[in-house]
Amino acid sequence: MRFLTAGESHGPELLAIIEGLPAGLPLSEEDINPWLEKRQKGYGRGRRMVIERDRVEFRAGVRGGRTTGAPVALAIKNADFKNWAEIMDPAPGNWPRKRALTAARPGHADLAGGMKYGHKDLRDVLERASARETAMRVAVGAVALKLLSLLGVEGVGYVPGMAGVWAKVPFSWDLVPRIEESPLRMTDPEAEAEAIRRIDQAKAEGDTLGGIIEARFRGLVPGLGSHVHWDRKLDGRLAQMALSIPAVKGVEIGPAFENAMKRGSEVHDAIYWSPERGFYRETNRAGGLEGGMTTGEELVVRAALKPIATLMKPLPTVDVVTHEPKDAARERSDTTAVPAASVILCALSAIVLAQAYLEKFGGDTMEEIQERVERYRERVRAY
């Protein structure tokens, strides 16, 4: 399974083409739209989320509520485009255009992208570099999550800590309903209240906040990924996908950075066997991956999200046309997007996992894949 996305932050729409989905996957807009809604929620979001009401539209590859085996094409309209139609007009015109951006914003792709492509209007960089692009990748991830759900896999994204506040209530699958109702997707109401207070303070001071996001999956078969070649190692693929999320600057599988400061005897998960459970582990400090492959335990992917780079009290910069000092431009932005980023991390991790299932089990139809996965589960149980 592979996919491409296209579209700008203030263009008419976002697009995706997904190739390699099996025929017969039950799929409707309502399998995708709830995930788009989750991405738009979260305390600390900006005015853009008031304007947009993201809804996916199928353009190809789905008929009668099922995939046909052909490429699936998705579209999400940008409601804000009506306010930017002249600025984003693809027709030839004289430069500079309205709302041209020449003062590179620190922490953004503006300057490096301008240098790379020779743009003097840095809007040609920021429009594609914007996190708005993740709306379509979440839609693709929702398709992957639908496929995984039919293979017995469940996923969730949440926030273990943000704004300098850590949740003291550990994650449990029983807390998923609480997470889904939480404005910060946190497990701990007290920590959440303090984080909200800090978000309000940062907003009043024209500042931004980051945090830690985590995606968890259960029900995975062991053996997804590979130890044979470096580029098939699942932890490497998950890390690459996580680091492709705008503002993510670090990733770990399980408590990796904590593990790094301990002895091996304190870190590695002992293996047990019983007739009822087969092979199992009492701990999961490996985060569900060993040797680049799933172990069958819960998969835990954690990422660090830096504070959003667009500040209401902008940092000093330089105009790329005049080379004169300037303050960075103020583009509409969030105070924090950590809760939304946890949804994005879950959706994007699901894409990698769906790809791993399709690579391992193959099959042109959903029924074929389900049969092959079940036979594999039986073989693993008998091992």
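Using N, Cα and C of the backbone, Cβ positions are placed for all residues, glycine too.
Under the heading NADP(+) binding site, Swiss-Prot lists Arg39, Arg45, citing sequence analysis as support. Taking all protein chains in view, 29 other C-beta atoms sit within 10 angstroms of the C-beta of Arg39 (NADP(+) binding site).
Summarising the annotation, Swiss-Prot assigns FMN binding site to Arg128, Ala129, Ser130, Gly291, Lys306, Pro307, Ile308, Ala309, Thr310, Arg332 and lists sequence analysis as the type of evidence. The Cβ neighbour count for Ser130 (FMN binding site), using a 10 Å radius over every protein chain in view, is 20.
Here the Cα atom of Ser130 (FMN binding site) is found 15 Å from that of Arg39 (NADP(+) binding site).
Distance noted between the C-alpha atoms of Ile308 (FMN binding site) and Arg45 (NADP(+) binding site) is 11 Å. The two recorded residues, Thr310 (FMN binding site) and Arg39 (NADP(+) binding site), show a Cα separation of 19 Å.
A gap of 18 Å separates the Cα atoms of Lys306 (FMN binding site) and Arg39 (NADP(+) binding site). Fewest Cβ neighbours within 10 Å among the binding-site residues Arg45, Lys306, Ile308: that distinction goes to Lys306. In the three-state DSSP scheme, Arg39 (NADP(+) binding site) falls into the helix class.
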